[in-house]
Amino acid sequence: MKKKIGLLVMAYGTPYKEEDIERYYTHIRRGRKPSPEMLEDLTERYRAIGGISPLATITLEQAKKLEKRLNEVQDEVEYHMYLGLKHIEPFIEDAVKEMHNDGIQDAIALVLAPHYSTFSVKSYVGRAQEEAEKLGNLTIHGIDSWYKEPKFIQYWVDAVKGIYSGMSDAEREKAVLIVSAHSLPEKIIAMGDPYPDQLNETADYIARGAEVANYAVGWQSAGNTPDPWIGPDVQDLTRELNEKYGYTSFVYAPVGFVAEHLEVLYDNDFECKVVTDEIGAKYYRPEMPNASDAFIDCLTDVVVKKKESVM
């Protein structure tokens, strides 16, 4: 009989329906309810992208396809997928409990975020491992980052090339690529968090692969807290690049995200587009990886490499 291996796929989570927004936001705020104004603001953002984010559906599809692919590409072990979310059910701890109940003793934990940070990957994997230790007889092997994975870089190289190939030579000369990820509080830099460096590296790899000379790194979707967050914000960066260099076409690659969701559909497709419209520039944003075969192949390689290194 083949050994069963747990595949713990972890992600941020998103409200499933409008009624979930308040409890979801309260969980993000560590139990503090949002003010009516804050709740209204977030609800309006969801309404602007069609009422609710497609993220829940995409995350589940990514996880199921990954499980299927892993069981197709090898015959030594049988992967069983469990989904664990940070801010809404099924919570990470629930997924680990279910895994334990199913008699799983070894699991590979993959966070659907390519870059490592203490705020994201470390906290997800930490929660999973803590729960596994409490339950006993279950080892969780966490994957730190996978932004250097050749198929991940290639996905974005192809996506960016696809946009540039549709431009005339004249437009291409005045175009700039903005590579971005979710901003985090600036204090992580003082703590030696590798997150900003990893995004810079990712941008270099993609620009080199897509043969794009004009590119910059930006940050987006900063939280509403008194702490300073890493910048420049993509909207400010857009204005600055237009003023300084006269760019008139902006290509946004939000590579810190793996799916279409609020941060991309609103913060990029709405907020950044407001800026490009204002300055009379063109707005482009490649398709997100979502559950595309190319992206699932990339994640398959990531999991297989981890499994081979620890088992």
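Note: Cβ is positioned from N, Cα and C throughout, glycine not excepted.
The following features are taken from Swiss-Prot:
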BINDING   TYR12, ARG29, ARG45, TYR46, SER53, TYR124  Fe-coproporphyrin III binding site
BINDING   HIS182, GLU263  Fe(2+) binding site
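Everything Swiss-Prot records as a feature, shown here on the structure.
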residue: TYR12; record: Fe-coproporphyrin III binding site; contacts (Cβ under 8 Å, 6+ apart): LEU55, LEU85, LYS86, HIS87
residue: ARG29; record: Fe-coproporphyrin III binding site; contacts (Cβ under 8 Å, 6+ apart): none
residue: ARG45; record: Fe-coproporphyrin III binding site; contacts (Cβ under 8 Å, 6+ apart): LEU262, TYR266
residue: TYR46; record: Fe-coproporphyrin III binding site; contacts (Cβ under 8 Å, 6+ apart): PRO15, GLU18, ILE21, ILE52, SER53, LEU262
residue: TYR124; record: Fe-coproporphyrin III binding site; contacts (Cβ under 8 Å, 6+ apart): MET10, GLY84, LYS86, ILE92, ALA109, VAL111, GLY142
residue: HIS182; record: Fe(2+) binding site; contacts (Cβ under 8 Å, 6+ apart): TRP219, GLN220, SER221, GLY256, PHE257, GLU263
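Residues TYR12, ARG29, ARG45, TYR46, SER53, TYR124 are the ones the record ties to Fe-coproporphyrin III, and the longest Cα gap between any two of them is 26 Å.
Around the Cβ of SER53 (Fe-coproporphyrin III binding site), a 10 Å sphere holds 23 further Cβ atoms from the protein chains shown. The number of other CB atoms found within 10 A of the CB of GLU263 (Fe(2+) binding site), across every protein chain shown, is 22. According to DSSP, TYR12 (Fe-coproporphyrin III binding site) is assigned to coil rather than to any helix or strand.
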